[in-house]
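Colleague: Right, I'll just put the structure down here and ask away after.
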Amino acid sequence: MLDFKGKNAVITGGSRGIGRAIALGLAKQGANILISYASHDSEADEVLETASKYGVKAHKVKVDQSDPYESIRFAEKAIETFGKVHILVDNAGICPFEDFFRISVDLFEKVWKVNVESHYFITQRIAKNMIENKINGRILLISSISAHVGGEFQTHYTTTKSALNGFMHSIAIVLGKYGILVNSLEPGTILTDINKEDLSNQEKRAYMERRTVVGRLGLPEDMVAPALFLLSDDNTYVTGTELLADGGMLINLQ
């Protein structure tokens with residue numbers, strides 16, 4: 001069993017979906033957690049309440065990650081709260097489905113700032129804290145299968161997920177000399193709020209289920225085990241890697 005006792009973990013977008021599942025998975029194994037969230041106070045409170053049952057410290061910070069300066073202040077708040085940060089999960093992301101020809105500059109920039117720019121500067125600040133405290137930290141960026149495949153109504157989103165992987169590759173090189181391992185997790189089609197409306201079309205949902213080789217779409221909880229391994233001290237040599245967790249969707253071309 002992976003042990004995170006005494007570790008301090010920061011998870012962006014930790015009030016719902018994959019971020020929530022990973023945050024609670026870390027708390028269950030002994031990590032103190034601090035989550036960012038955008039709007040849903042009651043959901044963030046529920047995460048903290050559940051985490052506290054595991055005997056760990058749990059904190060929340062409300063953040064607008066479309067504002068890079070607010071994202072930087074969030075990172076500084078996390079450092080102020082914990083002193084030392086051992087784990088960072090860059091999870092927060094948005095995907096407002098839209099036709100390519102209708103995507104405005106404002107919409108593109110908002111998706112870019114939340115999905116890429118905020119994580120760039122949060123990671124920069126947290127990684128510096130790890131180095132200053134001589135922590136062999138772990139950083140995980142939540143990318144997507146969409147970094148490898150196109151989406152008719154996701155041209156802005158797929159762009160950001162490819163960029164996130166490029167960022168991950170580069171900082172894995174930068175931070176390796178300090179004992180900090182950096183990877184990305186690429187979920188397939190997961191049943192979360194981000195695609196709830198899209199998958200309300202039963203025909204579309206059935207098609208997506210058939211595309212997997214396991215015969216079902218993923219749940220946020222399916223992402224916990226691979227994430228926790230990459231974030232654990234048991235991971236001693238995996239860095240700069242994109243781990244695809246998609247139920248076999250990408251390989252299934254039939």
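Placement of Cβ uses the backbone N, Cα and C atoms for every residue, glycine included.
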Colleague: According to Swiss-Prot, S144, S146, Q154, Y157, T189 bind beta-L-rhamnose; which of N183, N195 is also listed for that site?
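Modeller: The candidate from N183, N195 that Swiss-Prot ties to beta-L-rhamnose along with S144, S146, Q154, Y157, T189 is N195.
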Colleague: If Swiss-Prot says G13, S15, R16, I18, D64, Y157, K161, I190 bind NADP(+), which of N91, N129, N235 does it name for the same site?
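Modeller: Looking at N91, N129, N235, the one Swiss-Prot places in the NADP(+) site next to G13, S15, R16, I18, D64, Y157, K161, I190 is N91.
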Colleague: Would you say which of the recorded positions R16, K161 has the most Cβ atoms within 10 Å of its own Cβ?
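Modeller: Counting every other Cβ within 10 Å of each candidate, the maximum falls on K161.
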Colleague: Once the chains shown are all counted, how many other Cβ atoms turn up within 10 Å of the Cβ of N195 (beta-L-rhamnose binding site)?
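Modeller: Excluding its own Cβ, N195 (beta-L-rhamnose binding site) sees 19 Cβ atoms within 10 Å.
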Colleague: Rounded to an integer, what is the Cα-Cα distance in Å between S144 (active site, proton donor) and Q154 (beta-L-rhamnose binding site)?
Modeller: 12
